[in-house]
Amino acid sequence: MAGEVAGDRTPELLAIVHDIAAAPTPPLPAAIAGDGTFRKDCTDLVRRISLLTHLFEEIKELNKSGGGGAAASDGDGGGGAASWSFDVVVALQSAKRLLSVARNFRSNCSSDGAAKTIIFQFQSVTWKLEKLLSNLPYDHLEISEEVREQVDLVRTQLRRATDKYGFMISQMPSYKLSEPLAQEISQVPGRTTSGLHKQHSCPENLSELDKIRTNDGGEVCSRHQGVSRLERARSIPTMSEISLTNVTDTESEENSESKSPPEVKKSEGVLIPEDFLCPISLELMRDPVIVSTGQTYERSYIQRWIDCGNTTCPKTQQKLQHLTLTPNYVLRSLISQWCIEHNIEQPTGLTNGKIKKSDGSFRDVTGDIAAIEVLVRKLSSRSVEDRRAAVTEIRSLSKRSTDNRILIAEAGAIPLLVNLLTSEDVLTQDNAVTSILNLSIYENNKGLIMLAGAIPSIVQVLRAGTMEARENAAATLFSLSLADENKIIIGASGAIPALVELLQNGSPRGKKDAATALFNLCIYQGNKGRAIRAGIITALLKMLTDSSKSMVDEALTIMSVLASHQEAKVAIVKASTIPVLIDLLRTGLPRNKENAAAILLALCKRDTENLASLSRLGAVIPLTELSRSGTERAKRKATSLLEHLRKLQQV
């Protein structure tokens, strides 16, 4: 019976996910109700929940086929299938209500307590969903490897979000919860609830989350004591993960309530936390980024420092190991929230018709806003000529500057541009896809493009558009795939076969764009099999043997990513690629030799037949030479291969 109950729940789960994904996030400042304070939080939560669609669809199909897994009576968490599915329904309903409240929140009409309550609820919802996903009875559910990877990715992102909200809460002074708002978010039909649970006592049984009462409006979440042990941001992820540096150590605060607050700088009567100031300009940061030493700076100032030939960290004087600048999203969010709480013009994006420049001054963009809004209205005109002229101008504007990309997106252009991707007018379609590519360069716009449902239409352009449109569609997919969750969505959309086709038969630029997008998509394990089945190995081998040698680098880089996949190994060997790789060990450029050695090692490490083939084809001499004179990575790969060959001869 448990299986039947769980089966009955999956349509409900899918319906809730669909409702959450379909609910629009209105553009700033055109939102009818909310002012966009929690816009990014809503966007991120919606994307993560949307990724659960494949999980619920697999469970639903298993229930239909009468598979034993879905009907299992016990799971890892000790509850039956009915229990976990009911808990997930409750959690998603809570998320749906939270999104509704957060989207309609207006900072100028609400108390500080109301905003903090929503932050607290975002943490509660993300923690609840992550905990549920970790306790699903996977041993009894016949979930595919690809879907399991998706769920693991969602769990990781939910955990990071929980840490982020935990840190934000730990930095807030004591406050009283806004009880009507808390009840509006947390009330579950058929249950007696009173909103939020106390932050320092998160229950292990998730079904009890909505039952725990606050003390009649008593204080919750004090700065030093109010963060759950499970949820505290003890170690914010760094570098490639969402990062946070130069902030007060919350764990130290917990251990010492008498600790002095961090230094602050006074500016026009407002105390600005020292950690929010760029160490170079001493100004409130607009676009904080992290350098290799872990220090955070305003992007424009540290970029200027690097452009002048400096290779050390301005603050620590340590040598920069690399010059990559990693966006510090968590600190940016904290700065934004602090600006809201202190009624200060926010340094990020558009504020009261002004955008902050890198020198700290503000540029009035009121006239630009008005002109862009006129263009955006024309995107939905009945006149083909008006639409064509408007999208052509938007393409031009979106290419020029980040400020324009912000203004165009906030004027609500993205959903209208997505609609124009299916236009029968070729010029309109070309300019629409190029406009979306330009807009996607600004990080915050990526989520808006995904939420507008752009991927299916972009893939259609990739398949059937003009060559220029196909090139820009491929480049857009690469830009969007920089976010991990988007790799999954794009891979499942049918984009990979279309990209492989462009890789084989496109223009030189189209092939480059397709190769870049395929490389990024194939970082996700689930997309490697899709690429193999789309015939990518044949395309890569053709690139390796092409007389022009114009795309050898790209082919080897993609193949090196694929070579860890078992299906790819079989396909690479079957295509007689090993002799080509050995030839590149002899004649290729240093980077080509390095990648060729890496691929051969992946193919031969646990395969005696491939190792024997390597020996027969005369790989020992070029490998020996590479182990002595190649790049450091090439030396390691070549030495390892030679060691495997020696062991084979001793057998």
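If you go along the chain as it appears here, the first residue is 1 and each next one adds 1.
Backbone N, Cα and C define each Cβ position, glycine as well.
Note: TrEMBL annotation is automatic and uncurated.
Annotated compositional bias 'Polar residues' per TrEMBL: 237-249, in sequence order.
Per TrEMBL, the feature compositional bias 'Basic and acidic residues' maps to 256-266.
Mean pLDDT, taken over the domain 'U-box' (271-345), works out to 81 on the 0 to 100 scale. Among the features that TrEMBL reports, domain 'U-box' is placed at 271-345.
Annotation comment: TrEMBL describes 232-266 as region 'Disordered'.
Under 8 Å from some Cβ of the repeat 'ARM' (412-454) lie the Cβ atoms of residues 21, 24-27, 30, 40, 43-44, 46-47, 327, 349, 372, 375-376, 379-380, 384, 387-388, 391-392, 394-395, 398-399, 402, 405-406, 460-461, 465-466, 468-469, 472-473, 475-476, 479-480, 482-483, 486, 489, all in the same chain and six or more residues away from its ends. TrEMBL lists 412-454 (among others) with the feature repeat 'ARM'.
Look at TrEMBL and you will find 453-495 (among others) tagged as repeat 'ARM'.
Per TrEMBL, the feature repeat 'ARM' maps to 494-536 (among others). Below 8 angstroms of C-beta separation, residues 145-146, 149-150, 455, 458-459, 462-463, 467, 470-472, 474-475, 477-478, 481-482, 484, 487-488, 542-543, 550-551, 554-555, 557-558, 561-562, 564-565, 567-568, 571 of the same chain, each at least six residues beyond the ends of the repeat 'ARM' (494-536), sit close to that stretch.
What TrEMBL lists as repeat 'ARM' is 535-577 (among others).
The helix, strand and coil residue counts that DSSP assigns across the repeat 'ARM' (453-495) are 34 helix, 0 strand, 9 coil. When the domain 'U-box' (271-345) is classified with DSSP, helix, strand and coil residues number 25 helix, 15 strand, 35 coil.
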